Each structure stands twice: as structure tokens, then as C-alpha cells.
Amino acid sequence: MREKIWLSSPHMGTKEREFVTDVFDSNWIAPLGPYVDGFEKDLATFTGAGHAAVLSSGTAALHLALILLGVEKGDEVICQSMTFSASANPIVYQGATPVFIDSEEDTWNMDPQLLETAIQDRLSKGRKPKAIIPVHLYGMPAKMDEILAVAAKYDIPVIEDAAEALGSLYKGRPCGALGRMGILSFNGNKIITTSGGGALLGNEEDLIKMARFLACQARDPAPHYQHSHIGFNYRMSNICAGIGRGQMLVLPARIAQRRANYAHYVEQLAALPGVGFLPEPEGSSSNRWLSTILVDPVLSRGITRETIRLALEKENIEARPLWKPMHLQPVFAGAPAYVNGTAARLFDTGLCLPSGSNLSIQDLQDVTDLINNLWD
Ligand SMILES: *Cc1c(COP(=O)(O)O)cnc(C)c1O
């Protein structure tokens, strides 16, 4: 059996180990320290967000963003349906209800028209949504100008879920810094990783400072332990931040490699009947965190995304269906949803192909040879 080809595995550069050793030598083995401060500066600079708080996960970042916007029990928060469950779970942590919005065809992200329809319908029921969470799926920027225009019209803040989109550009501007706040993830499978971690981004310093305060158990300034807020243990460790600072040095190379993976797949597979890709809309640049294909079983004469996934699995190659939309998840069966069928169709026909920045040319060629053989 060949060595497993993963969907997206960690890819360390040359400095991460040195920085972690430095952390050990200095004994800053804590959820604070110079690498935490430095990683926050790196991220604020790279994204242009102004301010960043590094945290234990992207999920924690989203949870704090909702708290900072005052989301409480009984509230409603609008969320893209086509996403990973972590986009929606923090809404429920707050006792609020997610309202799901289907996708449009050009980016597979939140449909701005359906967003407006949903807001108008919620308003007609006397329920003004407290926040809007669009997602840049697989690194592809959502239609942010349109989404932000609708959000501004109804005066609802936007939290950008940029967990998959570090390094993606929308009209020349980095994803994560386009809404009121944005979140990033450094989970093990993301474009850069700290083993686990996340960040909250924002232009308003008071909000980001408040996030750091809440993430460190909400300790009031006093010699004893005093609390006037409920806190969380959500801060990133200085060890993880050391890895993060090393990963920032190779981020441009990681983006280039993932984009090259996508180019390989297009070159090798685009001619196959029934196989489709998601091109970048004018003005957008995706980090191509994951390369995805759509397979139309009519045009492919019966080959489905499952045919491909199982053929790869037999060769010890990991591939995965696109995210199953949240409005089709058993756990969110009762949540309001505004749907047009796009996300359901993407889930039925879409597949994520191996996309790590550490794949060799031979790995990529093996994957596309196997897929090409299915059409022979
Ligand atoms: C990975 C991911 C998250 C959660 O990030 P964690 O760091 O794993 O908590 C949130 N949203 C999306 C879209 C993600 O892909």
C-alpha cells in the first residue's frame, strides 16, 4: 500500500521548531508571551485588519465575536448554510437561533439576494437578526460588496468567517478584514496551522481588547481575582504562537503551492465530460485551500463524485464530499432556512481533492491518473 495521501496535512517550514525551542528556553509556556504578541502583529499587518487577538480556535473566535455583538438567548443570527458546523455552533452556545441562507453559483457562498429576502421576512415577524456570518468557502471570497450593502441597509453587523481564506483577496483586499470582525482558524488541516488555534480580527481596538480580556477568564484589574464578567479560557498558548510565527514566514509559498495544485487539477481533468470547476470571479483571488470538482453524472455517463471518492480511497488517497449544508443537518432541523437548492446540489455533486501544500508532483499526478482512468 502506498503512503497515504491526505486531503490537507500540516506543512511546517524551517523556523517553527526554532521558535518553539526559544519558547522553551525562555519558559514562556503560557497563554501569553512575546510570540502571542508577535503573532497578533503579524496577522494584523498581513490582513490589514488593524487588530488581532489569537485564541485557542476559530470556533472560540466566532463565539467571542457573537458575545461582543451582544448576541443573547432568543436572538437570531444569519449564517451561510454551506459551511462547516463550527460557523453555526457558537450561535447555539449563546442560546440564539441560526437562520440559514443558501449559496449562489458564482462563489458557492451566501446568496446576497436571498440574504435580503430572509432579513425582510425576519423583520416582518418582528425578529431583527443580530449578526450575519458569511463564509469564504474553500478560500473563495464571498460576494462581500453585495453582502455588506444589504447588511448596511438593515444596520446588521457582519462577522466574516475567513477560517478557510487566510491569504485570499477580494478586490485586492484580504479576506478576514472586510466585515465588522473576522475570524481565522489555524486548525491542523488549514492553510497554516498552530496544531490548533484561531484569531479574531477587527479594526476597532476596544472590541479586540475586550476579546482578549474575555479569553483570559475576564479578570478585572485588581491584585486579587475579581470578576464582573463571565470569562472563557480561550487564549492561544505562546508555544502555538511560536509555530504560528514560523508559519507566517511561509504563508505566501503555501498559497502559491495550493493555487498550483488547483491549476494541475484543471489542466488534467477539465476535459473530462461532466467535470466542472469553480473559477475565480473577476477581482477575486482564492488561496485554493481545498481544490474541488463538481461531477455531473449525466454528462459523465454515470460516474459520480462517490465513484471517484471510492476509487481514490481504495488507493489510500483521501478525498471528501463538499460540506453538507447546515439546513440539511439533523442537529439544525428546526432552524429557519432560506433555500434555493444550490448548496444541496453542490453537496450531491462536489468533491474535495487532495490539496496539501506538501503534495509532490507525483502525488498529484497519481490522483489525476486514477481519476482519468475512470473515464477510459
Ligand atoms: C475550520 C473552520 C472553522 C473552525 O475553526 P477551528 O479552529 O477548527 O475551531 C470555522 N469555520 C470554518 C468555515 C472552518 O472551516
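Any Cβ shown, glycine's included, is placed from N, Cα and C.
Here the structure is a predicted model, which means the values were calculated and not measured.
Features reported for this protein in TrEMBL:
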- Lys190: active site, proton acceptor (ACT_SITE)
- Lys190: N6-(pyridoxal phosphate)lysine (MOD_RES)
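Taking a C-beta cut-off of under 8 angstroms and a sequence separation of 6 or more, the residue listed as 'active site, proton acceptor' has the following same-chain neighbours: Ser8, Ala163, Glu164, Leu166, Trp289.
DSSP classifies Lys190 (active site, proton acceptor) as coil under the three-state reduction.
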